[in-house]
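*Asks:* Got a structure for you, written out below as structure tokens; questions coming shortly.
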Ligand SMILES: *Cc1c(COP(=O)(O)O)cnc(C)c1O
């Protein structure tokens with residue numbers, strides 16, 4: 001994120017450090033080493049992370065020419081002769097201090113938004129409403145934390161005349177700091193709910209903490225119908241510009257009329273006639289957020305006509321970036337809702353992260369950013385495309401064709417094509433022009449790029465498994481936080497990552513610094529390597545036919561028998577390799593695979609001074625770690641593994657990684673962590689405990705293909721098993737046992753979630769279709785979604801209905817079900 005430049009010497013002064021003589025400039029504040037793209041002018045903050053401390057990345061960054069670092073006082077900084085180290089008690093506080101300094105270089109109208117829900121939507125909607133009138137800087141995505149806020153603030157530039165930042169807190173004391181950073185002139189409180197209530201004694205405390213954000217504001221805008229909020233705001237002494245149903249509100253909500261796809265809201269200011277706004281949404285949260293936005297605009301004295309026009313055109317806020325399988329092995333990233341520099345930066349980062357070195361194509365429309373002229377805007381777009389190494393650009397629009405086209409030089413590695421309109425692009429479109437590439441489609445709304453996305457997407461069956469990659473990252477971090485410092489983590493991505501898509505999940509866990517991946521077969525490992533995964537991969541089931549693949553793709557086999565050891569060693573010799581890393585599996589009670597305890601000494605003798613094979617780790621697998629009744633057995637397995645590993649280490653004379661814990665062992669027995677843990681099902685969101693709260697990763701969704709009314713006594717599906725007990729309404733959904741929807745779910749055993757309610761399966765499950773009873777669920781239409789599992793109906797619940805375990809349900813979703821991935825990136 002680029003901001004105004006300061007010299008490093010000036011920043012030392014800002015941090016109240018002794019004067020330094022270095023003379024370089026800083027324009028990027030870097031907190032994540034992976035996001036390095038401007039080494040010469042980056043200042044890196046070594047912040048503590050869930051797994052590794054930021055200090056661990058300094059050698060790598062130094063090698064890449066980063067020279068400015070903010071580090072804890074006690075860090076040994078010898079060995080970096082050309083670097084400048086600013087040593088501070090707390091690098092995070094230093095980041096905040098620098099951001100606060102930057103903030104106060106500008107006296108700019110600043111809207112600060114907090115509340116339990118809706119912060120990001122209100123921020124983005126205010127941006128949509130105001131972008132043609134003001135030059136706005138705003139928080140990227142939902143950057144609202146102690147770390148995200150300073151990074152947002154750093155973006156403020158001289159041309160901005162309005163800032164919109166959100167602030168979120170999770171414990172007492174945090175808001176005061178965010179107040180100093182944001183220093184809002186207009187305070188917006190969206191609402192107050194039970195979300196994020198951890199760490200607060202009461203709702204009053206939570207509210208009063210949130211209101212700390214507004215201690216220096218000129219006004220607070222909020223809903224006065226909530227008594228707690230109204231009295232809390234009164235206590236602050238800051239003027240209250242309120243909305244609510246009561247006449248005393250500054251903006252009175254006279255009436256709300258919800259239609260099929262829009263809501264009409266009638267508003268009235270204290271003196272003035274009522275007027276109506278229409279929003280293209282019908283849910284309560286959107287109505288509340290829209291009223292909040294309208295109130296802000298009225299406070300800012302925008303005229304009603306502008307408000308009415310803007311509200312009608314509000315777009316859904318999709319902070320998540322979606323990517324889908326496209327034609328000819330392409331991957332399509334659909335961001336066809338917005339075109340501005342902040343979101344382009346985020347989208348290009350996401351593209352690079354997914355493409356990992358493969359070809360990147362960007363289809364981009366003209367931008368409409370108010371307050372930046374074309375002579376500033378298009379060079380900035382060009383710089384971003386170059387910085388992220390985009391190879392191919394398709395520019396659509398007049399400005400693309402004139403201004404941007406001129407900037408792209410012969411020497412650039414960008415292959416560029418331009419079209420005046422989307423229509424012209426579509427006329428020239430041919431599917432063979434796109435192959436094996438990652439394509440970002442990003443354009444302003446008026447260009448209608450969804451038509452391009454439709455063309456590029458692969459057409460499939462309308463049952464999809466949606467995978468939330470942010471939830472995967474969340475779950476990984478939740479487990480990383482359970483580990484003692486230094487304990488490594490192997491993410492098990494066998495069986496297509498428990499059905500979720502191996503390469504996509506592996507990319508996320510690699511990005512978030514897992515140490516190892518575990519797969520069942522060599523082929524799975526090969527796929528991961530082809531997808532650009534570079535971290536070590538252990539293969540559980542190895543056979544001689546896979547040895548070439550193992551060594552060609554740098555995979556590490558599980559060695560579980562002498563026979564396998566002998567043949568693999570021979571392969572390594574023949575291949576002219578040495579010290580090849582392998583993992584020794586010990587049999588401790590699962591009786592599946594592994595060396596017997598009695599064989600360990602002989603094995604150790606075989607491995608001592610062996611120049612071909614090197615023991616990378618020694619492990620065993622627990623048979624019943626989730627089962628309280630078997631805890632003694634589990635601990636016995638643990639003891640055996642430790643013993644085997646100690647014998648091996650002693651005889652072969654070097655140490656290696658030892659591991660035994662799977663998901664439930666990580667959660668239930670911290671002492672079983674050893675040097676590494678193997679995380680499987682927990683990564684996919686199964687196994688929450690009060691201490692570790694996991695997020696749902698997968699949602700299996702299908703749609704209703706037909707609805708019919710039947711009379712009492714009629715029957716449904718094969719063998720006439722489903723008999724209507726009353727006149728009924730039946731919906732047919734596009735999923736059957738060939739998709740992995742188990743036949744045991746038939747005849748009322750299973751239920752799917754339709755329009756907010758559970759609908760029981762009626763009759764037997766067919767191969768490709770299933771019928772459900774929706775008699776008592778109002779307003780269901782053909783084409784509506786039916787959720788088979790997800791947050792509302794959990795995989796565990798479905799497994800219980802079937803009489804199996806979540807593992808079987810997840811890995812049983814067939815490959816014809818399209819996987820759709822999304823995340824904030
Ligand atoms: C599948 C597997 C795991 C992961 O188990 P979860 O219970 O899903 O965490 C760990 N180790 C081995 C050897 C496995 O096969």
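Using the three backbone atoms N, Cα and C, a Cβ is placed for every residue, glycine included.
Feature list, courtesy of TrEMBL:
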- 494: active site, proton acceptor (ACT_SITE)
- 718: active site, proton acceptor (ACT_SITE)
- 592, 767: substrate binding site (BINDING)
- 697-822: domain 'Alanine racemase C-terminal' (DOMAIN)
- 494: N6-(pyridoxal phosphate)lysine (MOD_RES)
*Asks:* Under DSSP, is residue 494 (active site, proton acceptor) part of a helix or a strand, or is it coil?
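*Replies:* It is helical.
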*Asks:* Using a 10 Å radius around its CB, how many other CB atoms surround residue 592 (substrate binding site)?
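*Replies:* Other Cβ atoms within 10 Å of residue 592 (substrate binding site): 11.
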*Asks:* Using a Cβ-Cβ cut-off under 8 angstroms and a sequence gap of six or more, which residues of the chain neighbour residue 718 (active site, proton acceptor)?
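*Replies:* Residues satisfying the criterion: 763, 764, 766.
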*Asks:* Which residues in the same chain, at least 6 apart in sequence, have a Cβ under 8 Å from the Cβ of residue 494 (active site, proton acceptor)?
*Replies:* 518, 519, 520, 521, 524, 540, 680
*Asks:* Taking a cut-off of under 6 Å between Cβ and any atom of ligand 1, tell me which of the recorded positions 592, 718, 767 pass.
*Replies:* none
*Asks:* Taking the domain 'Alanine racemase C-terminal' (697-822) alone, what is its mean pLDDT?
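*Replies:* Taking every residue in the domain 'Alanine racemase C-terminal' (697-822) and averaging pLDDT yields 94.
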*Asks:* Based on DSSP, name the secondary structure state of residue 718 (active site, proton acceptor): helix, strand or coil.
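*Replies:* Once the DSSP labels are grouped into three classes, residue 718 (active site, proton acceptor) ends up as helix.
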*Asks:* Residue 767 (substrate binding site) has how many other Cβ neighbours within 10 Å of its own Cβ?
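*Replies:* Residue 767 (substrate binding site) is surrounded by 11 other Cβ atoms within 10 Å.
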*Asks:* Mind checking how the domain 'Alanine racemase C-terminal' (697-822) divides into helix, strand and coil residues in DSSP?
*Replies:* 23 helix, 46 strand, 57 coil
